[in-house]
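This report concerns only the one structure given below.
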C-alpha cells in the first residue's frame, strides 16, 4: 500500500463516521423535540391501538392549538410521572363529567357523549362525578372495561404541561393513522 491509498482508507472511514454521527444527532433532535415514540403495553386503547402497538406522537401540536376532546395523547401518568400513558381526552378544562349507567355525560347534558371509537359499551357501575380543573384534562382508554384511566387514578386529571404529544400514527405492526 502506498501513502495515498492509506489516506483514502482513513478518509473513507471518517466519511462514514461523520454520516453516522450526523444521522444520530438528527434522530436525537427529532426524538427530543419533534416526535415522541411510545409502545402501548396493555389492552386499554383497543380497538384503536392494540396491545404492543408502537405509535408516534407529534410534540409540537399543542404549541399551536389546545388539546381537545377526542385527541389521543401521550402524557406523563399523574400518579407516577416516570411512566408515559396513551389515552383519549374526554374532558377539557372546566368540563363537568358524569358517568352513569355505562355512559358519559358532559356539562349536565341529557344526551350521552357520542363515541364511535370505543371497543364495547361500558359496564355500568356506581355513578361517578368529576369537575375538570383549569389547564387539565380527563382521559380514558377506548376499551372502557379494561382501562386504568382518570376514573381510577389517585390524581385523576392530566395537567396540560404533562402532555408530551398528540398521537398521529401507529408504525408497528403496520402503518395506521390514529383518530
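Each residue, glycine too, has its Cβ placed from N, Cα and C.
Curation plays no part in TrEMBL annotations; they are all automatic predictions.
Feature list (source: TrEMBL):
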type     : residues : note
TRANSMEM : 13-35    : transmembrane segment
DOMAIN   : 14-172   : domain 'Peptidase S26'
ACT_SITE : 44       : active site
ACT_SITE : 87       : active site
* Asked: Which residues, given as numbers and ranges, are at least 6 beyond the ends of the transmembrane segment (13-35) yet have a Cβ under 8 Å from it?
  -> 56-60, 165
* Give the number of CB atoms, excluding that of residue 87 (active site) itself, located within 10 Å of its CB. => 27
